[in-house]
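Written out below as structure tokens is the structure these notes cover.
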Amino acid sequence: MKALVILGFLFLSVAVQGKVFERCELARTLKKLGLDGYKGVSLANWLCLTKWESSYNTKATNYNPSSESTDYGIFQINSKWWCNDGKTPNAVDGCHVSCRELMENDIAKAVACAKHIVSEQGITAWVAWKSHCRDHDVSSYVEGCTL
């Protein structure tokens, strides 16, 4: 019985933690989901963005007190503009998706929303990209990855 309780807590901690992608694994996944070159944004730039936004973690969240909104998932997509978390005042829900879905281990919905965002606002919609990736050599983010 004790072993079952310990095993239950282990599974619970994995479910709460989410998936933290390995860099090349994420590169392959993003390429498969059509982000490489999407709207002129290279795969290396997407990897740089996700590294600085979430450290490749699907369950990452960040509360923004000034806007009373939260950033969700591997792309840190904001609940004020892009997803519905049921608690952000005057939310727009531009991607027509639940914020919870943006934190799934299967990142297809998060990628679809990121595509929508970059189509409307460009890659500069992400502050981390402007701070850490723009005007930098980002080639190291895909270096050594078998794509």
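Just so you know, glycine gets a Cβ as well, placed from its N, Cα and C.
Annotation source Swiss-Prot lists signal peptide at 1-18, citing experimental evidence.
Among the features that Swiss-Prot reports, domain 'C-type lysozyme' is placed at 19-147, with the record citing sequence analysis.
In sequence order, VAL142, GLY144, CYS145, THR146 are the residues near CYS24 (disulfide bond), counting only same-chain partners six or more apart with C-beta under 8 A. Secondary structure at CYS24 (disulfide bond), as computed by DSSP, is helix. Here Swiss-Prot flags CYS24-CYS145 (among others) as disulfide bond, drawing on sequence analysis.
Counting every protein chain shown, the number of other Cβ atoms lying within 10 Å of the Cβ of CYS133 (disulfide bond) is 23. CYS133 (disulfide bond) falls outside any helix or strand according to DSSP and counts as coil. Swiss-Prot lists CYS48-CYS133 (among others) with the feature disulfide bond.
Annotated active site per Swiss-Prot: GLU53 (among others), in sequence order, evidence recorded as sequence analysis. Annotation for GLU53 (active site): spatial neighbours ALA60, ASP71, ILE74, PHE75, GLN76, TRP126, ALA128, criterion Cβ-Cβ under 8 Å with sequence separation of six or more.
According to DSSP, ASP71 (active site) is assigned to a strand segment. For ASP71 (among others), the entry in Swiss-Prot reads active site.
The Cβ of CYS99 (disulfide bond) lies under 8 Å from the Cβ of THR70, TYR72, GLY73, ILE77, SER79, CYS83, ASN84, ASP85, each of these being in the same chain and 6 or more residues away along the sequence. Positions annotated as disulfide bond by Swiss-Prot, on the basis of sequence analysis: CYS83-CYS99 (among others).
Taking a C-beta cut-off of under 8 Å and a sequence gap of six or more, CYS95 (disulfide bond) has these contacts in its own chain: ILE77, TRP82, CYS83, ALA112, CYS113, HIS116, ILE117. Per Swiss-Prot, the feature disulfide bond maps to CYS95-CYS113 (among others); the stated evidence is sequence analysis.
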Legend entry - For CYS48 (disulfide bond): intrachain residues, at least 6 apart, with Cβ closer than 8 Å: TRP129, HIS132, CYS133, HIS136, VAL138, TYR141
Inset, instruction - Go through CYS83, CYS145, our disulfide-bonded residues, and report the one whose Cβ sees the most other Cβ atoms within 10 Å. - result: CYS83
